[in-house]
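Quick look at what TrEMBL annotates:
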{"type": "BINDING", "residues": "B:LYS6, B:PHE7, B:GLY8, B:GLY9, B:THR172, B:ASP173, B:TYR178, B:ARG183", "note": "ATP binding site"}
{"type": "BINDING", "residues": "B:THR46, B:GLU73", "note": "substrate binding site"}
{"type": "DOMAIN", "residues": "B:263-337", "note": "domain 'ACT'"}
{"type": "DOMAIN", "residues": "B:343-401", "note": "domain 'ACT'"}
2 protein chains.
Amino acid sequence: MLIVQKFGGSSVANAERVRHVAGIIADTYAEGHDVVVVLSAQGDTTDELIEKAKEINPKPSKREMDVLLSTGEQQSVALMSMALEAIGLPVVSLTGWQIGMETNATYGAARIIRVSTERLRRELDKRRIVIVAGFQGVDRNEDITTLGRGGSDTTAVAIAAVLHADKCQIYTDVEGVYTADPRKVPNARKLDEITYDEMLELASLGAQVLMNRSVELAKRYGVVIEVLSSYVRKSGTKVKEVAKKMEEMKISGIAKDNDVARLVVVGVPDEPGMAFRVFNAMARAKINVDIILQSYGKAGTNDISFTVPITDAEAAAAALNDIQEAIGFDHVNVDTNVCKVSIVGAGMMSASGIAALMFEALYDAKINIQMISTSEIKVSVLIDKAYADQAVQAIHNRFFG
Amino acid sequence: MLIVQKFGGSSVANAERVRHVAGIIADTYAEGHDVVVVLSAQGDTTDELIEKAKEINPKPSKREMDVLLSTGEQQSVALMSMALEAIGLPVVSLTGWQIGMETNATYGAARIIRVSTERLRRELDKRRIVIVAGFQGVDRNEDITTLGRGGSDTTAVAIAAVLHADKCQIYTDVEGVYTADPRKVPNARKLDEITYDEMLELASLGAQVLMNRSVELAKRYGVVIEVLSSYVRKSGTKVKEVAKKMEEMKISGIAKDNDVARLVVVGVPDEPGMAFRVFNAMARAKINVDIILQSYGKAGTNDISFTVPITDAEAAAAALNDIQEAIGFDHVNVDTNVCKVSIVGAGMMSASGIAALMFEALYDAKINIQMISTSEIKVSVLIDKAYADQAVQAIHNRFFG
């Protein structure tokens, strides 16, 4: 089998962790597999480099930032190769440009255009373990680029795709994907399998196991990802197109997102085109709007409520105030004291009463629902931030308890 | 003019120094010149990386060591570019592989095969300051190599050669090349010019301003090097084929080398082939022999004395003991308490009495000479290490006092 394994920054943070991970890689190789390993920068290296840069230039160019940051992964792959050499294994480290990881020229957030298989195949044919620097590539001009957040996951999936790898294992500090955050919900269960779409919803809802981008890439090329722990040796969660569900499971997971704000545009005249003008203002300010609710306000007016990422709340309010006179609404309320709690499950809509079960759980827990949003595979509610954990626990108990 | 400037590790050790050096570069650019800058890794970066590697593998492969160490220079060039961006200058950083610095595959001590001018010219044509990572290259297989000690000087000279640069400035923490070590000899004078050959002798004699390798390369391609300080802005010392001498100067400089040991093979039978056998043993052990003296010992025997680098003293003694029976000498004495003091000057042999002046200076200072060696452009003497500084001062006073 050809197996791609990715290890994050905390997995290679110091000599001890490097040696530990080398043990995992060595065991995989000893089973007779071809192994390609993708690594992130060690622990805090990236933050330290950013710090150094800011000391010299508070606004460095993204090109030079990429030249600087890409050294972190290069150090990781050299050190891991040394650890494998120390136990007598054939190994070679390769950077982004050495494996022909070609990207566009969007420094700091480059998109992969293609990955050459030539060098990778040549090294695998020599029965070498190949250690690849994640997160980095080169553009057509041979300039160094980085892929942005979660870039190493994306590197691993892209390599698994072009090499038609049999497995793509993403090692993290959790044992897999859970029905809810196990630190908050003690009886949360690890899922054996989950679909790409469910994983995408869970990731966007704040369950930060895999970055969406790598899941999207995996979905497009049919790469089965396994999320598992680098600390304990047991199988994790497979992310794939169709997931087997445990019999009784109606949903795959529950997630909460604290980083939302609710805006209420109060006293919007009850005339056509008002909603268009509000959300057009948001679009022009490049602000993503999530849940939307329109309700009757005082006589002849409506209230338009919607949620935005908490970091965009101020900009959204400012954009609205700019059009206050033109629209003629009364005022804008901004509430950052809210939380979005969601249940996710493929084919949820085909099973009746899933949403009702969620609402009932919240009602029993005496938690007020401020807004509701639904999609094919999820139901989200907006509640008071103070009740977030309690809400997740209550819903979890109802579905998995 | 096209000017190549090289700055060492201490010149870019921290944000303050980086900004200071950026000022030197900016001034050169502001004068209308094309500027290529070659940098070493920041301060202790290389040592820290070696430390990290050793923690994981006490004997890492040289290939992976080069992958690791080359990140140091890459960080330097990114940070320096950011510093120049901060003052609004057009700049681009380039790594060894990006400038097409092709070397052989001798990791850790690679030799330059060729340097492509294409990328460098393209960036210079855009009126950009080009910041190049020194010390590193790639072999034909696209694997990362490093050039070994003094590698960044060599990078700078190689780039100056292929670009036919008008100047190649090597910035250091001294103001140039002196007639003697200015920390030891207060009245040491800075030389305006010195020949390649004199510089090579001085370097090999322990005046560590420039590594021999970069001087050899400069001599081969006729690159005029200027050694100058990154701390004070004044002209330094030019290293070139023919150097103008100050009228009264008979020699260019005085150097001492503490890292030598003297071996005496006592009681060698007075038969043909004995010297050959002794020095053949040294050659097989790959030990460089410097000054050689053969003198009469006890009846019918000779004593053969010679010097070797102090680090090879033990190995040399062991190699001699291996052939003791075959040769039939009495025993070997090893003396590490010696020092080599040398005067260097092109055309020294054409001026009579130079060596005599040196010996007289030592005689007046009551310093005993153990061995003497001369070449076209230098005279070396071996003396007791305790008198090293005193000897340099006495000779300096005689020639420059």
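The backbone N, Cα and C atoms fix where each Cβ goes, and this holds for glycine too.
Take the binding-site residues B:LYS6, B:ARG183: by the count of other Cβ atoms within 10 Å of each Cβ, the lowest one is B:ARG183.
In sequence order, B:LEU39, B:SER40, B:ALA41, B:THR95, B:GLY96, B:ALA133, B:GLY134, B:PHE135, B:GLN136, B:SER152 are the residues of the chain that are 6 or more apart from B:GLU73 (substrate binding site) and have a CB within less than 8 Å of its CB. With respect to Cβ neighbours within 10 Å, the binding-site residues B:PHE7, B:TYR178 differ, and B:TYR178 shows the lowest count.
Sequence-distant contacts (6 or more apart, same chain, Cβ under 8 Å) of B:GLY9 (ATP binding site) comprise B:SER40, B:ALA41, B:GLN42, B:GLY43, B:ASP44, B:THR45, B:THR46. Under DSSP, B:GLY9 (ATP binding site) is assigned to a helix (H, G or I) in the three-state scheme. Binding residues for ATP (B:LYS6, B:PHE7, B:GLY8, B:GLY9, B:THR172, B:ASP173, B:TYR178, B:ARG183) extend across at most 24 Å, taking the greatest CA-CA distance.
Within 10 Å of the Cβ of B:THR46 (substrate binding site) there are 19 other Cβ atoms, across all protein chains. Each of the binding-site residues B:GLY8, B:THR172, B:ASP173 was scored by other CB atoms within 10 A of its CB, and the lowest score goes to B:ASP173. In the predicted structure, the domain 'ACT' (B:343-401) carries a mean pLDDT of 87.
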